[in-house]
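Participant: The structure is given below, and queries will be raised subsequently.
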Amino acid sequence: MSRRYDSRTTIFSPEGRLYQVEYAMEAIGHAGTCLGILANDGVLLAAERRNIHKLLDEVFFSEKIYKLNEDMACSVAGITSDANVLTNELRLIAQRYLLQYQEPIPCEQLVTALCDIKQAYTQFGGKRPFGVSLLYIGWDKHYGFQLYQSDPSGNYGGWKATCIGNNSAAAVSMLKQDYKEGEMTLKSALALAVKVLNKTMDVSKLSAEKVEIATLTRENGKTVIRVLKQKEVEQLIKKHEEEEAKAEREKKEKEQREKDK
């Protein structure tokens, strides 16, 4: 039935669905995992790197995380070439606002501006939607630290913790379980991000070259966006593995004690 309605983006099916937009969302479901966590003292993005090759130039170190302006960064899941077009557009919107009003663009306004463009591509014939979902982290004077997510339909929302890409449903349920509202520090958020990626990524063992992590904090009245170095990511993974081993030992000891009873 759907074949008659999915060749053009602008045609609704009898059930009121836009199949092309749904297919674009499907493309994101096969992309590398990206997650964002909001903490009291900052906000972070963690992403899975699929394109790891020892001959790749380290100059282009960041594959999934893009800096947009002094106060915002984003992470992408989906078709990378589409993502490049959208991140360039985001940077332009931010620069135009800065030029016009002499102050940085509020986070939500930047997200809304891009979502308007994404939405337009679901409405005009002869175009296809962008096959990209984005996670945005940022700080502005109105609402402090913020985390947003947008999808190919032009929909967006503010989140405390969320995930896009492969195995996102499992990751979101883990975040829901372990996210402590009002108590999250950046340190505990980093540990949680590594824990979630370790469980949801399709690899037998988590390694530093497969993960990209960026943090956004405030220091001396300025926003600082940092992409963690490989050594730092290695330390986080090592710490997580030690904690896992410790928890496993304690569990076995407890089971043994119960048996002895």
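Note that Cβ sites are derived from N, Cα and C of the backbone, with glycine treated the same way.
These came from Swiss-Prot, pasted as-is:
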type: MOD_RES; residues: SER13; note: phosphoserine
type: MOD_RES; residues: SER75; note: phosphoserine
type: MOD_RES; residues: LYS127; note: N6-acetyllysine
type: MOD_RES; residues: SER173; note: phosphoserine
type: MOD_RES; residues: LYS176; note: N6-acetyllysine
type: REGION; residues: 240-261; note: region 'Disordered'
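Mind running through what each feature is packed against?
Facilitator: Classification of SER13 (phosphoserine) by DSSP places it in coil, neither helical nor stranded.
Reduced to three states, the DSSP call for SER75 (phosphoserine) is strand.
In the three-state DSSP classification, LYS127 (N6-acetyllysine) falls within coil.
Counting only same-chain residues at least 6 apart in sequence, none has a Cβ under 8 Å from the Cβ of SER173 (phosphoserine).
For LYS176 (N6-acetyllysine), the same-chain residues lying six or more positions away in sequence with a CB closer than 8 A to its CB are ALA161.
Sequence-distant contacts of the region 'Disordered' (240-261) (same chain, at least 6 residues past either end, Cβ-Cβ under 8 Å): 191, 194-195, 198, 206.
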Participant: State the Cα to Cα distance, in Å, between SER13 (phosphoserine) and SER75 (phosphoserine), rounded to an integer.
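Facilitator: Per the Cα atoms, SER13 (phosphoserine) and SER75 (phosphoserine) stand 32 Å apart.
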Participant: Per 10 Å Cβ neighbour count, which of the modified residues SER13, SER75 ranks highest?
Facilitator: SER75
Participant: Could you give me three numbers for the region 'Disordered' (240-261), the DSSP helix, strand and coil residue counts?
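Facilitator: Going by DSSP assignments, the region 'Disordered' (240-261) contains 21 helix, 0 strand, 1 coil.
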Participant: Just the number: how many Å between the Cα atoms of LYS127 (N6-acetyllysine) and SER75 (phosphoserine)?
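Facilitator: Answer for this pair: 24 Å between alpha carbons.
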Participant: Where does SER173 (phosphoserine) sit by DSSP, helix, strand or coil?
Facilitator: helix
